[in-house]
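Below: the structure, in structure tokens.
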Amino acid sequence: TVAGKTGGACLVTLTDRKSRFLLAGKAPRKKAAYVSEKMIELLSSIPNEVVKTITPDRGKEFSNHFAVTEALNNVPFYFPDPHAPWQRGTNENTNGLIREYLPKSKEMDTV
């Protein structure tokens with residue numbers, strides 16, 4: 001997720017490691033219910049057999065991962081080790097590229 005200045009809306013980003021295909025959508029708040037709802041919405045737009053695994057960061061906003069797993073035919077979630085961002089390198093890099101256009105000082109509510 002890419003959070004805004006005041007912790008309001010956030011951008012939920014899902015990046016495929018192999019193809020670098022990006023799915024992104026705005027959630028009204030960086031809360032588990034909103035983020036999981038947005039993930040389901042984004043991932044439902046592509047065929048189920050394409051989504052093999054999901055590797056989120058260790059944030060609280062992914063605590064509702066069971067709902068996403070259930071909605072997407074039991075796609076497994078793999079949480080990285082603490083303080084190991086290299087285990088999600090493609091997504092970290094993508095979020096950094098997004099930050100070039102949407103800096104931390106920008107409100108995501110206006111995006």
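Using the three backbone atoms N, Cα and C, a Cβ is placed for every residue, glycine included.
Straight from TrEMBL, the features:
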DOMAIN    1-111  domain 'Integrase catalytic'
REGION    85-111  region 'Disordered'
COMPBIAS  101-111  compositional bias 'Basic and acidic residues'
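For the domain 'Integrase catalytic' (1-111), the DSSP-based tally of helix, strand and coil residues reads 45 helix, 16 strand, 50 coil.
Along the domain 'Integrase catalytic' (1-111), the predicted structure has mean pLDDT 90.
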